Amino acid sequence: MRSSMDRFGILMVTFLSVIQSGFGFYLPGSYPHKYEVGDYLNMKVNSLTSIETELPFTYYSLPFCKPSEGIKDSAENLGELLMGDRIENSPYRFKMFKNESEIFLCQTEKLSADSFKLLKKRIDEMYQVNPMLDNLPAIRYTKKDGYVLRWTGYPVGIKVQDVYYVFNHLKFKVLVHKYEEANVARVMGTGDAAEVIPTIGKKDSEELGYMVVGFEVVPCSFAHNVDSTNKLKMYERYTTPIKCDSTSVSMSVKEGQSIVFSYEVSFEESDIKWPSRWDAYLKMEGSKVHWFSILNSLMVITFLAGIVLVIFLRTVRRDLTRYEELDKEAQAQMNEELSGWKLVVGDVFRAPSNPSLLCVMVGDGVQILGMAVVTILFAALGFMSPASRGTLITGMLFFYMILGIAAGYVAVRLWRTIGNGEHRGWMSVAWKAACFFPGIAFLILTTLNFLLWGSHSTGAIPFSLFVILILLWFCISVPLTLIGGYFGAKASPIEFPVRTNQIPREIPAQKYPSWLLVLGAGTLPFGTLFIELFFIMSSIWMGRVYYVFGFLLVVLILLVVVCAEVSLVLTYMHLCVEDYKWWWKSFFASGSVAIYIFIYSINYLVFDLKSLSGPVSATLYLGYSLFMVLAIMLATGTIGFLSSFWFVHYLFSSVKLD
């Protein structure tokens, strides 16, 4: 009984600590690995990356030392493969808590003309090597103008006065913490909360061991004596001391010359605990900017909420109250003197042009919006940490497929509502909802994948993964969407509160094009998210870690409110000038934010990604931006349409006009 109560206490305190620290709590992606003194630590390597090309390549595409046991791929999930990660073993190995220096790794074969040319190209393109130890990326510290800058990985080499130098000696520092008993109190507890969680097990059974809590690297360029390394074997000590000076370079790269690689490692005991070991990567800089973004969004919401309040309380309510207070004879007389939105009562629910396309786009928008909300919520609670590589992308795919039920249901029920309860055609609408957005995404990604294949980049999706994605689409997503469509067809359609006239009413000439107002409305939702958008773009294209999902969740909620308010206000304005064609306009009033995001993406490419080189890189950037913009348009447009539909239905159900 005592043991079960202890476990219940552990679960409750853990749950409360997760809720309490939703803005930065990190749930470890794996349990601590205990290493005893002298145990081997094997370093792994991820793909070579560059912010200049955005094309990842495998580590062994360059003339680096290969492990004696052969190159082996680590287990990768769907998200890792889609992100272009290729984690492989490396010949670098360390012994726990044993400092080593002047360790000879290997001497490469003499560089051929092709290898020399490729190495120079990768140095010119500023490619980075990305080592990993115990799932932690290597971090590099540099100083500039009195500030300490943090980087992950290290550059392949550097060009100085038209001479190319390679970083062939690596100085590693491994931060370790004494291994503590692997219970919730010690692994997940931080601060005072850990004191109140009961410990399970016996301390006496603990053996001395360490956990890896930090991994740092200093790259150096050192000119080895090639003749003295000819007889050395891997992991033997170099004959002369190696001075690692990161401020100077000496190992120049020349055709027909081999490169000698070496390393040194030191261990340092640290106070950093296991749950905090990712803090060095996730330190949130510029939090004031995020708060400014939220305050800016709140000001926009308050302004729009004031307008909505005026519409409801002063205009709509006043008109309805006046109308209800009149007797029947006065109402009949008033009906002849109607003006504004009351004149379009017989046309306001007239079916829009291309109704099936509207239903499909709204259904897909619900699916994308639901996926975004659920994914960001889980990420804000810490369930999709960087330690679990690829979980964010994998989670998004999983939630998107499951929410196919919602897409089918909404699309088909809206189709039946517009068609006054007509059953025919619901299967076609459900099929279109299952294939519209995934089909466009598949077309864009396939085109970009051919470019990546042509560049021999690891960012290219393997053919086997292509088959898996198609199977997931047609074996899970499509059937779930059709099931949702079936339930949508069975559900009763939403009844319109007023009848639609047989002859459509003529819309009076407008002083200004209504579409101009619709396109301009997108500036308000864009104003709520453009600051956060900069951090997201920097995370995707500049190789920075984005982990302020708490802020992102707040911004998403604010964006939903702004989109709903903007669309509602514009719909009311159109009805007031007797323009009853509000269906598509309500969708694009909030969906037009995608246009401004795409313009911002081009601006980011021109001014922030100046170093992006080559037509392939620019095409990749624009292709992925187009994919992102399409998803945002469907999600935000759906918010605007559904809020306007509710508003129009409420408005005309509150008064009976013949």
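Note that Cβ sites are derived from N, Cα and C of the backbone, with glycine treated the same way.
Model, not experiment: these values are computed from the prediction.
These features come from TrEMBL:
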- 291-313: transmembrane segment (TRANSMEM)
- 357-384: transmembrane segment (TRANSMEM)
- 390-412: transmembrane segment (TRANSMEM)
- 433-453: transmembrane segment (TRANSMEM)
- 465-489: transmembrane segment (TRANSMEM)
- 515-541: transmembrane segment (TRANSMEM)
- 547-570: transmembrane segment (TRANSMEM)
- 582-606: transmembrane segment (TRANSMEM)
- 626-652: transmembrane segment (TRANSMEM)
### Query
Considering pairs 6 or more residues apart, do the transmembrane segment (582-606) and the transmembrane segment (291-313) have at least three CB pairs under 8 Å?
no
### Message
With CB pairs under 8 Å as the measure, which of the listed stretches 357-384, 390-412, 465-489, 515-541, 547-570 comes out on top against the transmembrane segment (291-313)?
### Response
547-570
### Query
Can we call the transmembrane segment (390-412) and the transmembrane segment (515-541) in contact, meaning three or more C-beta pairs below 8 angstroms at a sequence separation of 6+?
no
#### Entry: Long-range neighbours of the transmembrane segment (515-541), counting only residues six or more past its ends (CB under 8 A)
51, 54, 289-290, 292-293, 296-297, 300-301, 304, 548, 551-552, 555, 558-559, 562-563, 566-567, 570, 573, 585, 588-597, 600-601, 604, 608-609, 621, 624, 636
